[in-house]
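Some features that TrEMBL has for this protein:
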COMPBIAS  645-666  compositional bias 'Basic and acidic residues'
COMPBIAS  673-692  compositional bias 'Polar residues'
COMPBIAS  699-708  compositional bias 'Basic and acidic residues'
DOMAIN    277-375  domain 'PH'
DOMAIN    501-637  domain 'PID'
REGION    397-433  region 'Disordered'
REGION    463-491  region 'Disordered'
REGION    645-708  region 'Disordered'
Amino acid sequence: MPGIDKLPIEETLEDSPQTRSLLGVFEEDATAISNYMNQLYQAMHRIYDAQNELSAATHLTSKLLKEYEKQRFPLGGDDEVMSSTLQQFSKVIDELSSCHAVLSTQLADAMMFPITQFKERDLKEILTLKEVFQIASNDHDAAINRYSRLSKKRENDKVKYEVTEDVYTSRKKQHQTMMHYFCALNTLQYKKKIALLEPLLGYMQAQISFFKMGSENLNDQLEEFLTNIGTSVQNVRREMDSDVETMQQTIEDLEVASDPLYVPDPDPTKFPVNRNLTQKAGYLNARNKTGLVSSTWDRQFYFTQGGNLMSQARGDVAGGLAMDIDNCSVMAVDCEDRRYCFQITSFDGKKSSILQAESKKDHEEWICTINNISKQIYLSENPEEIAARVNQSALEAVTPSPSFQQRHESLRPAGQSRPLTARTSSSGSIGSESTNLAALSLDSLVAPDTPIQFDIISPVCEDQPGQAKASGQGGRRTNPFGESGGGTKSETEDSILHQLFIVRFLGSMEVKSDDNPDVVYETMRQILAARAIHNIFRMTESHLLVSCDCLKLIDPQTQVTRLMFPLPSVVLYATHQENKRLFGFVLRTSGGRSESNLSSVCYIFESNNEGEKICDSVGLAKQIALHAELDRRASEKQKEIERVKEKQQKELSKQKQIEKDLEEQSRLIAASSRPNQASSEGQFVVLSSSQSEESDLGEGGKKRESEA
């Protein structure tokens, strides 16, 4: 390292121009050092800030990776492999964050502290000494000027002394200040080298320590992990590229295949109408009245769901109920200047809706689909097969008809001019269709000639009031909640379970077996098929009361019991496998078409999506009844045991009384064997009637023995 330039401290007292000139060079050098160090300080401070920011950002990244498994992504949020991989990355990055935090601390101690100390202490000291030296030099020059102006003619000792003392003080102050200033400037030549090298040395040592910690953390196991992740990323990229290529090819194929569909009204010869649908979805224009004669048309997405027509506006999460199309009527209508319009009318005629399809094909398919749903064909096991059978009726429904009643009159078979009776045999309901349904029917469960009852025969709908009174059910209103009115006590008043459900009676028929749920399923299928074929839409709505004693069908308006099924007679109950609105139960009754005295009848009902709840309630009622019967039997058995114990206790007390009487009798006999002693003493014994009789019998026996 070359020699260090110095200011001559020995020449400070002389204060020659050369010394001042050399001092100016050192001051200029100090100013340059100060400017350079300020810039270097800012650069190193940026390194330090960047390192702190890197440490904080790394820690935040690790924290976010840890919280990945807590996030709830709409798509792909349950990827366990991705979560475990990010957890591993989080651990590694957390270790790196710790290394960066250590590096930040080392940079603060080894790099920023030396240069900050040089900037804040040494450079400020030079500036302070420079100002003090400048003041001392000015004071010395002023004192010399006053000393030089002393008068030669009029010498004043006092003034001379003061001026001389002032020169002495100012010169001494200047000399001392100048020497310290020169010393600080000379020392600055050393400190500037230290101030440059120490921060750099600390920076490099901190970096070396950081890299050493990194090499210790980044071991072979981590390298293997990173290699596996890299391979996985490449596999995902290849899969993505393959999928993108497949999607591009699909787009090209769809563009070619969909070209004819871009026409709003495609050619019906190329795209035939499917009249056997029981589900359909698509956009329709709905007519909304805004005044007496004015109306607007809104385009919405419509789809069928079971027996409901749903609508959904663009942007909505889910659809809403537009209309219940069970038992509805649908027809093509002419509406103003719009084509392909059709009208849907609810089963009660209170609600109607006019919709417009986009094409003739959609127009006919919507009408056929809604017509098939209105016949409840969707409830059968093979809806398309049954829809094909009523295809001709669906085609006739496309043409406008004056009313709902006339349309159904036109759809009735030719030989059936009057309404269906309450009971319809399977020969009339299934009839010629039995050959087509032979593959679907189970003759081992349901007999082919079993009549189907589509309505409830009860005292409510009979004309003779005497039958209602004789049955003991129709003449009295039944409170479904078990509360008694007046002084009459309800039959189910003491029942623990009271649950009420709204049900609609679909039909009933006699079955062969009552130990297999397939009986209920097959009965549902046959009843729904018969209803669909003969356009039977009307259903009797009732309230089904489930109690621990029986099941009751109650009229919802008059609260009169229509039918009552004893709970022990209900041997089987089940819901439909797919449509939970349908349920049925098998009732074992006396009499019937079979040779034996017992017969089984299956009743089928429709509920408001409560089929499983009703079956659960029936099962709970049977369990409660079973437990009650077991408790009753246990109670009777306990009473019988108590009666036996009481009888045994009476026998035992009676035996004890006999033994006591015998002992008393023996004592009296012994006392009567000493008559002389008794007469001498004047004593006598009065026997009880029973004892006297026994003594007479004893004496008579002794006499007979002596005579013998």
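Using the three backbone atoms N, Cα and C, a Cβ is placed for every residue, glycine included.
In the domain 'PH' (277-375), the DSSP tally of helix, strand and coil residues is 15 helix, 50 strand, 34 coil. For the domain 'PH' (277-375), the predicted model reports an average pLDDT of 87. Applying DSSP to the compositional bias 'Basic and acidic residues' (645-666) sorts its residues as follows: 22 helix, 0 strand, 0 coil. Applying DSSP to the domain 'PID' (501-637) sorts its residues as follows: 46 helix, 56 strand, 35 coil.
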